[in-house]
Amino acid sequence: MPQSKFGRRLGAVRRAEFGSPMETAARSIGILATSAALYLASHDPIFPIWCASYFLFEGLFLLIAGWPPKRNIRAHFGLAILFYNLSALNFAWLPLYMIWLGEPGYALVGGLGIFGMLLYTLHRTEYEASLVISDCLHAVVVAGALLVIIEPRIDSTAMQVAGFICALAVAKYFCLGMWAKLRNQAQHRRTEQRYAAAQKERALSQFVGGVAHDFNNQLTAILGNLELIDHLHDPSDRAHAMRAVHEAGGNAAQTVRQLLATTGRAPLRPRWIDLNHFVDTRISYIRDLMGDAIRLDVGPIPEHARVTADPGMLETALVELCQNARDAMEEGTGRIRISATDESPGGRQAPRFALVVEDDGPGVDDSALAMLTEPFYTTKGVGEGPGLGLSAVRGFAHQSGGELRIGRSAMGGLRIALVLPEVMAQLPASGAS
């Protein structure tokens, strides 16, 4: 078995025993409190000795499982399992000893201790094969020890047989339950892996198909107009065809730029940008793009809202967000609002502001919300999607040190916030550029 496989198994063992800090703390406090109460009631030093030995073995197990070596991890894994078994058996012997004492109070606490040990083992959210085998052996050992302790005190042979059958049944069903949980966990992980692989294949197919579709449209326009030029004699017609070729070439170049932005590799020239001035100088242009059927409002923008970004890419991103909101309108009419909010985290962290675009469209369901930034993903028909729009905006945001947040708007549709860092002192300012 490869070293990395043992490393993963060691991590699973560690998470199974110490994966929940709250549970680990509650377990430790419970053991300390119980041993202290038993000592105060009996003044028997065996109880603090048991408590100290439990934490010793648990600490050694955590030390070994928590810091795996780079070499010989297989032996390290075996050592971790050894100390896990020592810790479990060390825990179990005291409840058995208390049952052996025969006093009702001790027997009650001991029986509850055994019951709690089994419940703790069954409640885990993560299982590892070596731990399951160990836990099953622990259950068999504890059941056998209980028979050895209690059976001699029973006079009736029939009751002894009944006790043996009950102990055997409890151990059997405990082991079956543990193995069922291990199988269910393995099946769940295989299902998650298949789902992740299917999602990756779907995203890749969607991406490749979208890029091919975009470039095919541009190439068709370029080749068609070039072929048309050979048959045109009027200079104005030839000039019109050449303009169409240049336009298609420009669209293809824009697709390449969006691809670079999607991957976070677009060449950027960050500048100081005052968001109030930035939006004011572009709102008329964006209103013309949206058309008369769309009402475009400008919401509140903090006076001190300044960010660091590439002005040209930020303008492209704002246009993409507005076009995405417009395309969401079912009847081609609706309302879009552009605003900005202070997203500064506080403390010593750098301040951030968000350029927000909201609409009153129908929105999308929860399953589609998480996929809106995938390249060429669309909730519309074939050929009606946003292309690389939101994916490119997200890539630009990440490359600029920010993020893209998508949620539901109070207006009824989507709320998309392009969060960017505040101005850096060494950068030149850019207002209208």
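Placement of Cβ uses the backbone N, Cα and C atoms for every residue, glycine included.
A Cβ distance under 8 Å defines the sequence-distant neighbours of the transmembrane segment (47-67), meaning residues of its chain 6+ beyond its ends; these are 10, 13-14, 17-18, 28, 31-32, 35-36, 38-39, 76, 79-80, 83-84, 86-87, 90-91, 93-94. Per TrEMBL, transmembrane segment is recorded for 47-67 (among others).
As annotated by TrEMBL, transmembrane segment applies to 79-100 (among others). Within the same chain, residues 10, 13, 17, 46-47, 50, 53-54, 57-58, 60-61, 64-65, 106-107, 109-114, 117, 130-131, 134-135, 137-138, 141-142, 145-146, 149-150 sit at least 6 positions outside the transmembrane segment (79-100) and bring their C-beta atoms closer than 8 Å to a C-beta of that stretch.
Residues annotated as transmembrane segment in TrEMBL: 106-122 (among others).
The transmembrane segment annotation in TrEMBL covers 129-150 (among others).
Residues or ranges marked as transmembrane segment in TrEMBL: 162-180 (among others).
Residues or ranges marked as domain 'Histidine kinase' in TrEMBL: 210-424.
Non-local neighbours of the transmembrane segment (129-150) in the same chain are 9, 13, 16-17, 77, 81, 84-85, 88-89, 92, 96, 99-100, 114, 117-118, 121, 163-164, 167-168, 170-171, 174-175, 178-179, 181-182; each lies 6+ residues outside the stretch with a CB under 8 Å from one of its CB atoms. Through the fold, the transmembrane segment (162-180) approaches residues 118, 121-122, 127, 132, 135-136, 139-140, 143-144, 146-147, 150-151, 154 of its own chain, all at least 6 residues removed from its boundaries and within a Cβ separation under 8 Å.
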